[in-house]
Amino acid sequence: MKTLLLTLVVVTVVCLDFGHTMICYNQQSSQPPTTTTCSEGQCYKKTWSDHRGTIIERGCACPNVKPGVKISCCSSDKCNG
């Protein structure tokens, strides 16, 4: 009985995840929307222009960017859409 109870507790903890992850978009501007699971507070949307036009990149973490690149970091599910 104790083993069953322990197993249920472990499964509950793994399934609930206690909000430490979030869902972020991770596609380039010309691609269909896709998502990935990221660490809390770690979605970004990076925008810049080149000979192809305006490029948008989305993903996890908040990278350092070069001058001329706009970065937007956020901390809720699918906030970088």
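We number each residue from 1, going along the chain as drawn.
In case you wondered, yes, glycine gets a Cβ from its N, Cα and C as well.
The signal peptide annotation in Swiss-Prot covers 1-21 and is backed by experimental evidence. Feature annotation from Swiss-Prot assigns disulfide bond to CYS24-CYS43, CYS38-CYS60, CYS62-CYS73, CYS74-CYS79; the stated evidence is similarity to another entry.
A map of Swiss-Prot features onto the structure.
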residue	record	CB count, 10 Å
CYS24	disulfide bond	27
CYS38	disulfide bond	20
CYS43	disulfide bond	29
CYS60	disulfide bond	18
CYS62	disulfide bond	16
CYS73	disulfide bond	15
CYS74	disulfide bond	17
CYS79	disulfide bond	16
> CYS43 (disulfide bond) to CYS62 (disulfide bond): how many Å between their Cα atoms?
Replying inline: 7
> Restricting the comparison to the disulfide-bonded residues CYS24, CYS74, CYS79, which residue's C-alpha is spatially nearest the C-alpha of CYS60 (disulfide bond)?
Replying inline: CYS24
> Which state, by DSSP, holds CYS62 (disulfide bond): helix, strand or coil?
Replying inline: coil
> C-alpha of CYS74 (disulfide bond) to C-alpha of CYS62 (disulfide bond): distance in Å?
Replying inline: 9
>> Near CYS24 (disulfide bond) in space, meaning Cα within 10 angstroms, which of the disulfide-bonded residues do we find among CYS62, CYS73, CYS79?
In response: CYS79
